[in-house]
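Some features that Swiss-Prot has for this protein:
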- 1-12: topological domain 'Cytoplasmic' (TOPO_DOM)
- 13-37: transmembrane segment (TRANSMEM)
- 38-60: topological domain 'Periplasmic' (TOPO_DOM)
- 61-81: transmembrane segment (TRANSMEM)
- 82-86: topological domain 'Cytoplasmic' (TOPO_DOM)
- 87-107: transmembrane segment (TRANSMEM)
- 108-145: topological domain 'Periplasmic' (TOPO_DOM)
- 146-168: transmembrane segment (TRANSMEM)
- 169-181: topological domain 'Cytoplasmic' (TOPO_DOM)
């Protein structure tokens with residue numbers, strides 16, 4: 001297998017995960033800033049690898065598999081770190097909604113692929129919006145530099161969790177007949 005640029009970017013996103021976690025826990029005053037920077041770098045490579053794969057016509061089966069895996073790993077770890085840091089019901093609930101949604105949708109996509117209908121669950125506009133706001137939420141709550149940034153992060157977290165739930169309902173609506181046929 002030859003690695004192309006988009007796949008290398010996706011692999012880079014996976015490679016930086018341990019550094020993301022380590023930097024988050026470093027006992028330095030600006031460790032939160034650096035962990036937020038690593039997270040946003042991962043988010044940018046997510047956008048950029050998809051853009052390049054389409055632009056350069058370098059989509060591969062391996063890349064199509066690995067990209068969502070890398071996305072889920074960095075987002076779920078970011079949410080877990082935020083839950084751990086804030087120790088708050090108000091942060092935990094929307095974060096868990098998003099984590100559970102990711103697991104459910106990944107399972108639904110896998111099942112739809114098994115029955116030959118994976119093309120029905122293409123990424124929706126609401127999911128793209130959810131992802132953008134989710135990235136802002138995680139970045140802000142990792143950085144937590146000022147009260148305003150934390151408020152922006154919390155508001156973004158709630159908006160993205162609502163969008164996550166709504167997009168999950170949309171995916172279930174699309175798959176409904178297949179899920180409940182005899």
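We count from 1, first residue shown onward.
Each Cβ is built from the backbone N, Cα and C atoms, and glycine gets one as well.
Residues 24, 32-33, 35-36, 39-40, 43, 75, 78-79, 81-82, 85-86, 91, 98, 152-154, 156-157, 159-160, 163-164, 166-167, 170-172, 174-175, 178 of the same chain lie 6+ residues outside the topological domain 'Periplasmic' (108-145) yet bring a C-beta within less than 8 angstroms of a C-beta in it. Counting residues of the topological domain 'Cytoplasmic' (169-181) by DSSP class, helix then strand then coil, yields 11 helix, 0 strand, 2 coil.
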